[in-house]
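Straight from Swiss-Prot, the features:
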- 97-99, 127-130, 137-139, Thr185, Ser317, 322-324: substrate binding site (BINDING)
- His186: active site, proton donor/acceptor (ACT_SITE)
- Ser316: active site (ACT_SITE)
- Glu329: site 'Important for catalytic activity' (SITE)
Amino acid sequence: MSVRIEHDTFGEIEVPADKYWGAQTERSKRNFPVGKERMPIEVVYGFAQLKRGAALANHALGKLSDAKKDAIVYACDRVLNKELDEHFPLVVWQTGSGTQSNMNVNEVVSYVANTYLKEQGIDESIHPNDDVNKSQSSNDTFPTAMHVALYNEVETKLEPALKTLRDTFKQKEEQYHDIIKIGRTHLQDATPIRLGQEISGWRYMLDKCETLLSESKAHILNLAIGGTAVGTGINAHPEFGDKVAKFIAENTGYPFVSSENKFHALTAHDEVVQLHGTLKALATDLMKIANDVRWLASGPRAGLAEISIPENEPGSSIMPGKVNPTQCEMLTMVAVQVMGNDTAVGIASSQGNFELNVYKPVILLNTLQSIYLLADGMDTFNNNCAVGIEPIPENIDNYLNQSLMLVTALNPHIGYEKAASIAKKAHREGLTLKESAIDSGYVTEEQFEQWIKPEDMVEPK
């Protein structure tokens, strides 16, 4: 392998000649051969937005020349265009401040920027610390890049997937409004409900989660940049943080601002905890929805079988013809993983000792994974399951007509205890509800037909 020699304050080190990183990145690769979880490329793009904004801010404040500003912006734009992904090899399991990843970005941007300056015939050079990282510390850059990445992924991936699934349920809710089925509570028969009403509960869960997500992501717009090492802003111009946030906002289209309190921004990640709490809430709702769907579709001959769902693939390697609710199973596993991630994020956020939380990479990893899993899970569930949900009317009607809980409609006319005795008699003696009611002498056949109407039992009266 062809190599070149790079150096840092620890001395010289060999780096692959075809890679753009420098000494600190190479040391991190060697010092942390831990796991397979690479630093998510989305946070690298967040860093690129930050380094781009920092170059513009430093230039505006008279701290960076025109040529250096242009070169750094050029290099950052190449990162954002996904041209340099191969040059960011580090794993998540490194220093808890993310210093090695910050330096990885500094080194790659510096390398590309220097190549640009050389090609332009400009006699200046860019240093990864003195220029690309000017007015910054890993302690304020990593949380800034983390927030930029998280906000973008929620905005571009999670929210669209959530809205698509919600809209599918809205369409099903309206389509199946007139189908009346038996409701169930405690896994036991209950009073009638419209299939559309049942689905409306699923739809409203996603409506509510969309609102919660909008509220929680607003806090992610606060950026730590400008706090530098411990929140005091040492080595940074007083206007630096605000200017960087402004430039990031202009380039992303998102209204990022510099955090009001940098001491908080470096040592606490409660804003991400709140965001992930919303992801957990969404996961719990999706777990419930997926379980309802697979229960209602259970069968085909020995289950509830009130709805059918698409048959996507063979379900068994031994039982011919078996088809399983695989999309529901996928979504419930996604939900379980997100709930586990929430625990990790909460514990990690609680570990902010003094001026710095040093669990930032694991907070980022778990939160991004939850966003990806939920977004992909909802998209896949929608496309391969939800859009194909259809009622099985004969089974729905059979359960409805057999249910003893229709007796609830008699409460206002004969009282709870007499109605209960009718239901118990029917169950004990194998009678229909109508037969038991008439046999009890509490109601006539005419009264039963008048009072026991499922279509009158699905709205307040």
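Note: Cβ is positioned from N, Cα and C throughout, glycine not excepted.
Structure coloured by features recorded in Swiss-Prot.
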residue : record                                  : Cβ contacts under 8 Å, 6 or more apart
Ser97   : substrate binding site                  : Ser138, Asn139, Phe142, Leu356, Val358, Lys360
Pro128  : substrate binding site                  : Gly22, Met103, Asn106, Glu107, Val109, Ser110
Asp130  : substrate binding site                  : none
Thr185  : substrate binding site                  : none
His186  : active site, proton donor/acceptor      : none
Ser316  : active site                             : Lys322, Asn324
Glu329  : site 'Important for catalytic activity' : Ala290, Arg294
Quiz item: If you count other Cβ atoms within 10 Å of each one's Cβ, which of the binding-site residues Ser138, Asn324 has the most?
Solution: Ser138
Quiz item: Which three-state DSSP class does Ser97 (substrate binding site) fall into?
Solution: coil
Exercise. Have a look at the binding-site residues (Thr99, Lys322) and report the one with the fewest Cβ neighbours inside 10 Å.
Key: Lys322
Quiz item: According to DSSP, which kind of secondary structure is Ser138 (substrate binding site) found in, if we only use helix, strand and coil?
Solution: helix
Exercise. Could you tell me which three-state DSSP class the residue listed as 'active site' falls into?
Key: coil
